[in-house]
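**Student:** Per Swiss-Prot, the features are:
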type	residues	note
REGION	342-363	region 'Disordered'
REPEAT	78-118	repeat 'WD 1'
REPEAT	119-158	repeat 'WD 2'
REPEAT	170-211	repeat 'WD 3'
REPEAT	213-252	repeat 'WD 4'
REPEAT	267-306	repeat 'WD 5'
Amino acid sequence: MSAPVEVVLSADSAGQLFNCAVYDPHTGSEFLSYRGGNTSSRSLTILNGEYILGAQLGKNYINVWEIQRKDQLQQKIVCPGIVTCLCASPDGLYVLAGIAEAIYLWEVSTGNLLAILSRHFQDLSCIKFTDDSSHFVSGGKDNLAFIWNLSSVVQLDSSRTPEPRHILSRHSLPITDIHCGLMGPQARVATASLDQTVKVWEISSGEMLLSVLFDVGIMSVTFDPCEYFLFCGGSDGNIFQVSLCSTSLSRDKTFQSDSEGNQVFKGHRNLVTCLSVSMDGTVLLSGSNDETVRMWDVQSKQCIWTINHRGPVTNAAIIPAPANMFLSDSHPAVPLPRFSRHLNPSEQGDGTGTGGMSLRLGANTQEPEGTYLEKAEELYSLMCAVTDKSVFGDGENTKVRVSELEEEVRTLKKINKDLYEFSTQLLTKPN
């Protein structure tokens, strides 16, 4: 049997049978399960198609599994506090976590903590990257959502405080969910709130494009890939489908079921915590506190299949099937380093850095450090001077110094070659 194009990934708060599991989106049959702990809401993410990360419910660490080694919990990433939301960038270079009212940004290649963003006034509830990893959006219990430009966050030196690109402040109660559409910095983002509204914004301008008012608080939200419809999960168990192509659509709208695409999916008996649409837009996945995950046909609004969990569903999504998921003999290309709990320790010189290659962009340094190749050429010139002019004196001391320099040149050339090969693999790796 060929590997599926998409799979369903879900988790519940009980964790009695497994932490999270992978299912066939067509039949609902289980493919794989990952054991150890239980994952909190909005805190299950795939890192670079090679790892599954899940924040432990009520604890200050993140569980990590290699994606093809389902029966063994690989490691635990200890965090400065309880993680309330978690997201890995689609390009696999960064990990974001909401801890209390702060956003923590880690660099995956080194494990360095690059930034702590403390603009929210209350705990974070959700955080999402755009599809091109250029921006991320955070939402919290303070009724605020912030749009952040990733490059501006990682470029800033420690003497400057990163600022969000836009502040979205139209909600009057806590934000419960965020969904970013396609098109990177030109995308639209939807925010759901307990104030019974879902609002659609433009990332580039921060302008509100649409506000839809419902009769109940909204716990989850998503678009279909073409953004024909907006799907909103209510606290009463209903899922509301809002047509974004309706001729009667206005900026401020009250939801009413009609014949123009505004419809209701009925079946859940408790609040809907998760929503996700397949890449072709034909099926909708939902997870609920009624301990079920359901797959719906978008056109007919009928439930195709149901998966029963042992506790309230905290995470459920339709995701592209990672290439390594069904290959038992495959391994991650790069080991996952230990994540630091302090801001960029390699720069602070506390000796806790991993020594890996840093991908931090545009660091503000007065005297940029030379490349390994430049260092090697400089050492080679120095060796020639030693040989020709006996800079370090005559006899045995000169020979020892020359040997040391030759060894250092060989080491630097090897490091430069390894860096080049790693960068080439990273840039040519298919998405």
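Each residue, glycine too, has its Cβ placed from N, Cα and C.
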**Student:** Could you tell me what the rest of the chain brings near the repeat 'WD 4' (213-252), counting residues at least six beyond its ends with Cβ under 8 Å?
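**Tutor:** For the repeat 'WD 4' (213-252), the nonlocal Cβ contacts are 173, 176-179, 181-182, 188, 190-198, 200, 260-277, 279-281, 284, 286, 288, 290, 296, 298, 301.
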**Student:** Tally of helix, strand and coil residues over the repeat 'WD 5' (267-306) according to DSSP?
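**Tutor:** In the repeat 'WD 5' (267-306), the DSSP-based counts are 0 helix, 22 strand, 18 coil.
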**Student:** Averaged over the repeat 'WD 4' (213-252), what pLDDT does the predicted model reach?
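**Tutor:** PLDDT averaged over the stretch: 94.
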**Student:** Just give the helix, strand and coil counts over the repeat 'WD 4' (213-252), going by DSSP.
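**Tutor:** For the repeat 'WD 4' (213-252), the helix, strand and coil counts are 0 helix, 19 strand, 21 coil.
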**Student:** By DSSP assignment, list the helix, strand and coil residue numbers for the repeat 'WD 1' (78-118), in that order.
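**Tutor:** DSSP classes over the repeat 'WD 1' (78-118) add up to 0 helix, 24 strand, 17 coil.
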